Amino acid sequence: MTTESPGRDTCPSKVSPSRESTMGSTTDLDRARREKKPFFYCRIVANHPIKCFVITLLCHFAMMIISGILLGSGFNLFPTNFEKLPMELYDIPYRLRDYAWRDRNDYDNRFKRTLSNQGFVTYERGLYAVYSSVDLYYDTDGGNVFTKSNLQRMQTIENELASSASFSPICMTYNSSLVCKPFQSILRYFDGTYKHISATLDDPNFNNIPGVLYEAFTNNDTKSDFLFFLPKGYSLSATHAHGTLTRSIMAAGCSISGTTKCALKTWRTETLVHLKKIKTILEKHVDDSTDDFKFYFHSLNLWLSDVLRQAIMDMLCAVGSMFFIFCFMLFHTRSFWIAGWAIISILLSFLGTNIIYTGIIDFQYFGFFHILSIFIILGIGADDLFVFYDNWRLTGFSSYPSLAHRLSDTYSKSVLSMLITSLTTSVAFFSSAISPLLATRSFGVFSGLLVIYNYLSVIIFFPTVVTVYHLKYEQWTCPCCRKCKKKENPSEKEIKGNSNEVYVITEVEMTVGEKESPTEDYPVVNITVNGVPIPNEKEKSIVMNGHSNGHISNGKAIMSNGSANGNIANGNVIANGKPNSAHCSGKHEKDAMMIKALHKKKQKKLVVFFRDYYCRFVTHKITRCVALPIFAIIVGVFAYSASTLEPDNEQLQIYKKSHFYTQAMDKELYSFVQNVDDNLLTVNIVWGLSLKDRGDCHFSSIDCRGTQMYDASFDPNPVANQQALKDFCDFFYNMTSSDINKYNIKTDTSGNPEVACFTRDLETYLKSLSIGGLDLSLPWDSTKTLAFMNAQTSFYDTSGFSSYPHFLSIPMQYWMYNGYSGNFTADYGMYNDLFGEENSTYSTALKTDSSIFYGNKLKYLAVSVNTTINRRTTGYSKGIPIVQRWEELVNNRMSMMPAGVNNGFQLTRDSWHWFYVLKSLADNALLGILIGVGLAFPILSLSTMNVLIGFLATLSICCTTVCVIGVIPLAGWKLGLLTSLNMCLVVGLAVDYVVHLAEGYTLSLHTDRYSRTRDMLEEMGPSVFSGACTTLGASLFMFAAEIQFFMQFGVFMFCTIGFSLIFSLGLFTLLVGLIGPQGNTGNLKVLFRKCKEKLLKRGSGKTS
């Protein structure tokens, strides 16, 4: 059948006058927007596209040139440091105290006490090098490791390692003959090493395993060392032995001096070379592990080397992400020109931001976190590109007076939306800048600047790229990797129209055929445009409401049996200037449906999907009834999970839990009866030092510790002060068991606290002396000091010492040198590092040794207390209360001490400070989320000028944030260092998509919520979906990373973007379709205007 002649009478309209007027006003508004005076930059780009492209491109490449110049001039443009993470917290005293203690000997006129015999072996590699030694772990995963087959397998592994050519050059030696020390292993109790202690400890064939192990466990000469090998839950008897795992140590050695000196980096580097060769053997046995026998190993030297190497390899995931995003852009835009320049623009934004970051703001740190920002900006940059380019393509279905008008309309629809997302994202990142930790503060500043710089790049550079592409390359394809211009017939060119009217219909011929079969509900529509046939279209697929924004206009429809000249706007045929409803049952109903079918054929499928199908689905009553409860359940489940989030009591975990390094470290920390003493904290109480002064340090320096400061009031010499120090020491030595438990103090085998407090051991030594019948017990005064020195005339010359005030240093120095015999003693090993001497005006060379000076001044003094606190398994939730108890204890004791010794403080190496770092990270992450969400509502409300839209968008952001936080416990993670850092990104990434949709809703020219929702999905739906796909795909590459932080970063990115997509296209779209503002509801402009009118009326009323 054919359509009716356009000359016949039309059917009566079923649209009410108000709806006709609304459609007319929408058409007028749309026409006015399209014909509005173009933005000045758009006019410049449209009139001079090539020049603008070259100029903006040169501005981008200028960043490369400036970077090259700065690097050539010696400026540290990339102050990279991937080995150190600057997590320093200086608003609490513990880091400054720690540094003050480490640098305690950095003072002028220091007298350094030295002995020719320091108590250490002097032959080569005779000292244990914990840094390069290898710990070996044998795990049966719940089975029994103490079986013959398992012990033989352990023996095979250790023999193979010991026979390696790379072991002998680094091994710890037994004696001056440089024989390698055997592995510290449970096998030593079987091979005869200890047979001189008991004949039972000689069973090389493992025929009496329970008997050997029980003998080693019960024998007093071996028990203390044997406990090192026993796991928790072990069971030993003369006839039975059971344990799930054990461990060994392949000891590396170093020396007190020479080329293998323990402190030499060159020796550590040389050792690492040999360890890497041994590592091939170790990894082979790791790979050979079975469920019944698993092997792990760990070496600090190897571990640090592998972490740096692995981190760099994992960072190569950025290359994979970049390639994926480029491919997706290419698929989305169908243009190498646009996709290529988009990626280049994003990467050059990185350079430009770095110039501002280091050259202007003067940050001097660039680490791993900053590299990760490239993942973030690739996703955000791609999202902005899709928003701009999709709006540009949609304008191709409208008619504009000029190219500048079309470009300006694209600007008005996309630039503001991108500004809001960039603003909210940068604000979320900048909220991290309030952190006192340099790592997070610098990352927040850099990422915030990067988002802003990328936004400026998109709105300035990308329009020139699109314009040049439209004018020069839009009709080009690239088959078989060679350029060739697409061949077009004249009719196709006519369809495309000029450059400003991408889709102008000049002649349409349509026929409606019969149904293909009796079961079909709709006939086939055959369409021919300017002689070019369009594939068949079922009439059902073109039945829809009138299309918004006038995407088809200024066209002429010629039917098969006649012609009609008229405009097509808003999906309706406008004949002789009078619109007719697309729903009426007559000629124009079919005409409108056929024109819309043609329109639909030319539009991108994704646009059609969101505008027609998804909009209809998400606004359907059944969908609302089902989806809203589902969203509520999802948020409720993840909210409950988020409420179970706990602080992480473990230290930083670098590798994944499945990695053999992580497995080995977990076994050491949690699986053995005896902890390694290196993991236990030592608390030092110090007098004579003050906090470091960092006034001269650069605000972003990671190496500056500050100026060493000392307490000028420190004076332990007065009798009252000596007695106070003695009482202080006695307090610790006489602690009750409840106090010992309260302060987690470690005790020796006799139950006494392990405290190194000088007064008791000094007094014990002095009382052991017999010098002229003098009473040498503490305290000492000037009289006792002079009497002691006069009794030792072979050492001292007392002339000029009658008024010597620093008399406590005389007995303490005499003690350390063991009566100036120069022999090493246990007291020297324990106390020599706990007090320092400074040369004074009284300093005099010893008569028997001119290198030793007496009459010095005590510069600092310390007491050392060993604790049971494991630094690697204690988190801030448990650690900070312990710190507070110690701080309160020391402060209380100091308040009771006299002047001169009442300014002491307590400290540990790293750990006290680290507890507060973890807490600060968690607090800053939560604060950043609260700031981001709190600012999102006013920003969104003001940017969209609608408080209801702002509220619904903020609700979507909150749901996304809650769900992402809820993922943390579900993934088996806790609130630690890595999760806290990643949480800082959540709000910054969660705002993008819902902001685009909110802006699309408010930009709609319609007044009813359904039409606004449809316009929103048409304008922004494809861009949001495409942007999410790029970021989701890019984050998947991070799942392959071995470094825990990078893997978690990928998971956080994926979950944040995934939930953001779900709640923006799902919940937000559903809500605006259900309760979205219609007309001027929630409009802030109207509200402000009404308030203004009321104020004016009130003012005029008072005047009258």
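Our numbering is plain: 1 for the first residue shown, then up by one each step along the chain.
Heads up, the Cβ atoms here are built off N, Cα and C, so glycines get one too.
Residues or ranges marked as compositional bias 'Polar residues' by TrEMBL: 13-27. Summarising the annotation, TrEMBL assigns domain 'SSD' to 375-468. Marked as region 'Disordered' by TrEMBL: 1-30. Sequence annotations record features per position, and here TrEMBL assigns transmembrane segment to 53-78, 311-331, 337-357, 369-389, 415-438, 450-471, 626-645, 921-941, 947-968, 975-995, 1020-1039, 1051-1075.
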*Decide whether the stretches the transmembrane segment (415-438) and the transmembrane segment (975-995) have at least 3 CB pairs under 8 angstroms, with pairs required to be 6 or more apart in sequence.*
yes
*Count the Cβ pairs between the transmembrane segment (369-389) and the transmembrane segment (311-331) that lie under 8 angstroms and are 6 or more residues apart in sequence, then report whether there are at least 3.*
yes
_Listed stretch, out of 337-357, 947-968, 1020-1039, that has the most CB pairs under 8 angstroms to the transmembrane segment (1051-1075)_ = 947-968
_Region pair the transmembrane segment (975-995) / the transmembrane segment (921-941), three or more CB pairs under 8 Å_ = yes
*What average pLDDT does the predicted model assign to the domain 'SSD' (375-468)?*
87
_the transmembrane segment (921-941) touching the transmembrane segment (337-357) per 3+ Cβ pairs under 8 Å rule_ = no
*For the transmembrane segment (921-941), which partner among 53-78, 311-331, 626-645, 947-968, 1020-1039 gives the most CB pairs under 8 Å?*
947-968
*asked:* I need to check the long-range neighbours of the transmembrane segment (947-968): which residues 6 or more away from its ends have a CB within less than 8 Å of a CB in the stretch?
replied: 631, 634-635, 637-642, 645, 929, 933, 936-941, 974-975, 979, 983, 986-987, 990-991, 994-995, 997-998, 1001-1002, 1051-1052, 1055-1056, 1059-1060, 1063-1064, 1067-1068, 1071-1072, 1075-1077, 1081-1082, 1084, 1087
*asked:* Checking distant contacts: for the transmembrane segment (53-78), what same-chain residues at least six beyond its ends satisfy Cβ-Cβ under 8 A?
replied: 344-345, 348, 351-352, 354-355, 358-359, 364, 366, 457, 460-461, 464-465, 467-468
*Where DSSP helix means H, G or I and strand means E or B, what are the helix, strand and coil counts for the domain 'SSD' (375-468)?*
83 helix, 0 strand, 11 coil
